[in-house]
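Here is the structure we will look at, set down as structure tokens.
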């Protein structure tokens, strides 16, 4: 452990006022995320749609967002207590590690969601030209690798806890400047040589390993999400062009699908890019920590707002999610068409994963359970909200 002093600018920390500002920003954003993701979970449970293929990926994502936000809030509550209480500091380290692990889970679940959009789009387009096309609702088998992917995603919090436990040091050196608060309870990227944290070799190495894994996962998942939504849009346009001339309405529909994919990618990247920039800077000694307060505030506000933004773009402002809640039962409990009036039946023919379509259109991003009254052309008009 190197010789260092609190006057060395390379070992500076956020001052007390800045720490409180970051705490307030994180508390506000995390509280909004709890409300947003919690509203999705409550609605899905009350409607008994957890197993609905339209809802299942979003349910997992909302659950991870909810748990991550809760652990962030718990950490910030402990942050306000005196750091001389060893039990509180230990509890805070557990909750912070769980929060980071659950955010890693949201990365993988967002990637899985993008892959599901691509997979179901390809399945849908294949059904439209299949000789076994049926007007009745159909179900596709879940690929074996999807449960594996969900399992891996939910292992991330346990992995985070394991790394923290393996890298803790019982005798952490802390300066008086750090005594007022449990500094580690701020769910931010800390400097490599932060004097308020465990300065043992295993402690520093463990934080560097987790930080590196987190930032690498973010960039890899960002690339994967962009690729899957690009492939989804490409599959739609190729299907349209395969049957001849593309009408203006078809072109506009494909454009709206592209824009929806761009929205999903942009929200994910915007949420975590500031945090990743902070993380990269904290590897270096190019700036005094106090001068990075703007980036720390951006990390606290935007990253912790992910759950709230996800509940909007994947849930409440997406017509497909609301239709799935209101019109479909869980698998194995399909309703008969015999008692439905024509208007309701025609609405049900437009089962949508990301979008809303009118009666005579097919949803290129829909679940294979789509109810079809006729076989539409692959080049038929598509509308996206």
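Backbone N, Cα and C atoms are what each Cβ position is placed from, and that goes for glycine too.
Small disclaimer: the values here were computed from a predicted structure and weren't measured.
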Transmembrane segment per TrEMBL - which of 121-143, 144-166: 144-166
TrEMBL annotation (transmembrane segment) - matching range among 1-23, 24-46: 24-46
Which listed span TrEMBL calls transmembrane segment, if the choices are 175-193, 194-212, 213-231: 213-231
Whether the transmembrane segment (213-231) meets the transmembrane segment (24-46): three or more C-beta pairs under 8 angstroms: no
Ranked first among 24-46, 98-115, 144-166 for CB pairs under 8 angstroms with the transmembrane segment (293-317): 24-46
